[in-house]
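Participant: Here's a structure for you.
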Amino acid sequence: MRLQRKDLLGLKDLSAEEIELILETAAPMKEILGRDIKKVPTLRGKLVVTMFYEPSTRTRTSFELAAKYMGADTMSIATATSSVQKGESLRDTARTLAAMGTDAVIIRHSAAGSPALLARTIEASVLNGGDGMHEHPTQALLDMFTIKEKLGGFKGLKVAILGDILHSRVARSNIWGLTKMGAEVRVVGPATLIPPEIENLGVKVYYNAEEALKGVDVINVLRIQRERQKKGLFPSLREYARLYELTPERLKLARPGALVLHPGPMNRGIEIAPAVADGLQAAITEQVTNGVAVRMALLYLLIGGAN
């Protein structure tokens, strides 16, 4: 079984059936991660390249591990020391990679649409590791895999996304994916951090955390970037925490046993209280493991064999 597409650029373009296929394929991949010997030869002879124009630890490492566990060769392009610094365009870099026989490229770039440009330029599969404020599809898929694993599905679930919605590619991809799978999505944060057009994506908008969290099944907490405060988008980090930090008291407003997610890295004491981050309802460490499984599934479905 393979995805009937060359690339993974975003969840906006995926059907519910394709999302389900990815999540179903990730389950046996996670079983592989639980073995003493994690390597399988599925992608032996394939070359997977990571090309990150923005800093990343989790996503880049997760993709590289996923490729290695599947038997592929990997190469990481360090943009700070590559021809990119000499003015080489994205298209030229892509053509160079194609000439090397690359099978898949994972790209993270500050410019929205960069993965799509790359995908139009080369025959290799392109996977979006995050582009500007546009999408971060693999983060959303690992979030969804975690939800499905813990809660069994999506139909009728109430999911709150808490924090800086305006600048978050994680939020956008989660919204596209969750709404397609039948979940009710609520976004909550300061008015200055919620884009006015977000309701057009079929979400409910809240500016009060207590109202938004009532009766939800999942709370996905987004990282607050300190530079947003310097731009005057909220008065201070202390004020943000007072109104929007996920504390044990606010968590009690959700359904008993509600799941807590965070894409990382966390600002403890600002967007999430340490007691919540380390509590029994948090699946933050599991998200990291699930990220490797989901990325293994994607590489298999895009560049693996037909069987």
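Backbone N, Cα and C define each Cβ position, glycine as well.
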Participant: Out of R91, R95, R108, which does Swiss-Prot tie to the same carbamoyl phosphate site as R58, T59, H136, Q139, G264, P265?
Facilitator: R108
Participant: Enumerate the residues of the same chain, R58, T59, R108, H136, Q139, G264, P265 excluded, that satisfy the criterion Cβ within 8 A of the mean position of the Cβ atoms of the recorded carbamoyl phosphate site; list them in sequence order.
Facilitator: S56, T57, G129, G130, V170, P263
Participant: Measuring Cα to Cα, how many angstrom lie between R169 (L-aspartate binding site) and P265 (carbamoyl phosphate binding site)?
Facilitator: 15
Participant: Considering all pairs of residues in R58, T59, R108, H136, Q139, G264, P265, annotated in the record as contacting carbamoyl phosphate, what is the maximal C-alpha distance expressed in whole angstrom?
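Facilitator: Output for carbamoyl phosphate binders R58, T59, R108, H136, Q139, G264, P265: max Cα distance 17 Å.
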